[in-house]
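**Student:** I am attaching a structure below and will ask some questions about it afterwards.
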Amino acid sequence: MRLEDLARVINPSEAGGSLALEIEGLYCDSRQVRSGGLFFALRGVATDGHDYIVASRDRGAVAVVVEDPSRVPEGMTWLKVDDARLAMSRAAAAFYGNPTDGIPVVGITGTNGKTTTTYLVEAVMARAGIPVAVLGTISYRFGDKTIPAPHTTPESVDLQRTIRDLVDRGAQGVVMEVSSHALEQRRVDGCRFDVGVFTNLTRDHLDYHRDMESYFESKARLFTELLAADDTKPRRAAVINVDDPYGARLASDAVAPVVSYGLSPSVMVRAEMVTFSVDGISGTLVTPLGTIPFHSRLLGRFNLYNILAAVAAGVALGLSPDAIRGGIEGDVRVPGRLERVDNDHGITVLVDYAHTGDALENVLKTVAEIATGRIITVFGCGGDRDRGKRPVMGEIAGRFSDLSIVTSDNPRTEDAGAIIGEILGGIRSLGLREYGAEELITGFDAKGFAAVESRREAIRLAARVARPGDVLLLAGKGHEDYQIIGTMKHHFDDREEVAAAFRELSSKGQG
């Protein structure tokens, strides 16, 4: 693609050098630049891409997009813009032929529920006969091709390249999780969304965003800017959970028609006569398409909201009631989201990604609704992340569990013991009994907590303490198959660990 064609998309305020250049690739990492590349000098928190312009030229970049042209070496073509990230997002879409044009694209954002909602929307669209590609927290997938997801939302060049590849393979629709980081950093500005879905907003990522209002403003961009109708997609929709206070705010600011969902009688999509059990959720959906009876194998009230989000997205896309019902009633299995781990000890073992206070509370409330025995929770908090949520999560675990075992999550470069100490501050505020690990081996008779730094040992202890009828919840890591200690990733999978713990107990004739 010629630089002059990209320049029409980027719309630079100034330019220097020849625009009659053939561009072979787009890059924002100088180490990846190849011959004929266009380099985008992005300013980041820790680095400034302007410092790597010379390195990009030496690796073959023929032009550079900058915010400060004084940093460009003599003889190199440059384009000056106010926002290099926005320019890269638009250029990436054009370079890869605007792959989101002409197909339905659903973007899902919010603190909790994005991944499950993505799976549900995928199922609804697939039931409508649309071959769907999915870009999510867990994986990017289409058909029989699945690749692990390095980020919730990749950088704009990687995103557009991936979507182009998926469309070329036959995808006729795209469902993607859209993170607050991606919205703030303009990674998805080159995508043309048909539907945006807002699930909820609770405390998270405050290590990156200054405060909750900044976090909200990042999420809101999808609805206040990116859903504006244009010639390519004149009919767009904002699907919003208006039971959430931030969602209610967003509904009044959205630039697209709103399809509201929730449990209040005034919303467009809601559920009535709902029952929750170990078998799932049953009830009646009330929609603009009429009432739809349903049963889902998913568990809990928060998953009811995820179901409603998917139903509302189906309504917004103009899909049939049969497709909507068929999608949500299908065998939707979401890795690490209240995922069951089978065992022969009569214990309900659930693995969940809940890593915020709100998510943990939702999961534990769900467990409490279906549990017939005690609730044992094993969890920790990630290092180099928002410290403020640690005591909050500790207090929540202590309040809703019969036994909380606090352990390491991904400590990263922090001391695992120090993180555990901050979590324990929240639990101790409840005045619960503190158990030693050795003491728990013989069981426990009063609501309480313990600290075991090794996650493997914490899981083994929980398996040993649990008895038939109990629910054992392993929270925080979910689908992850690694643990980050220092700067190194080590293989670690909660599902594998708890299964191994029960096998060991069986081999010893225990349980």
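Glycine residues also receive a Cβ, built from the backbone N, Cα and C atoms like all the rest.
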**Student:** Looking at 113-116, 233-236, 409-412, 493-496, which one is motif 'Meso-diaminopimelate recognition motif' according to Swiss-Prot?
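**Tutor:** Residues 409-412 are the ones Swiss-Prot records as motif 'Meso-diaminopimelate recognition motif'.
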**Student:** Which residue of Arg385, Arg387, Arg503 does Swiss-Prot report at the same meso-2,6-diaminopimelate site as Asp409, Asn410, Pro411, Arg412, Gly476, Glu480?
**Tutor:** Arg385
**Student:** Given the binding-site residues Lys114, Arg385, Arg412, which one has the fewest other C-beta atoms within 10 angstroms of its C-beta?
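**Tutor:** Among the binding-site residues Lys114, Arg385, Arg412, the lowest count of other Cβ atoms within 10 Å belongs to Arg412.
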**Student:** Among the binding-site residues listed here, Asp409, Glu480, which has the most company in the form of other Cβ atoms within 10 Å of its Cβ?
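**Tutor:** Max Cβ neighbours within 10 Å, all protein chains included: Asp409.
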**Student:** Rounded to the nearest Å, what's the C-alpha distance separating Asn112 (ATP binding site) and Asp409 (meso-2,6-diaminopimelate binding site)? Just drop the number here, would you?
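**Tutor:** Counting only the Cα atoms, the answer is 19 Å.
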**Student:** Quick check on the binding-site residues Gly113, Gly476: which one has the highest count of other Cβ atoms within 10 Å of its Cβ?
**Tutor:** Gly476
**Student:** Considering only the binding-site residues Asp409, Pro411, Arg412, Gly476, which fall within 10 Å of Thr111 (ATP binding site) when distances are taken between Cα atoms?
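**Tutor:** So the list is empty; none.
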**Student:** Do any residues, 6 or more residues outside the motif 'Meso-diaminopimelate recognition motif' (409-412), come within under 8 Å Cβ-to-Cβ of it, and if so which ones?
**Tutor:** 355, 379-385, 419, 455, 476-477, 480, 483-487
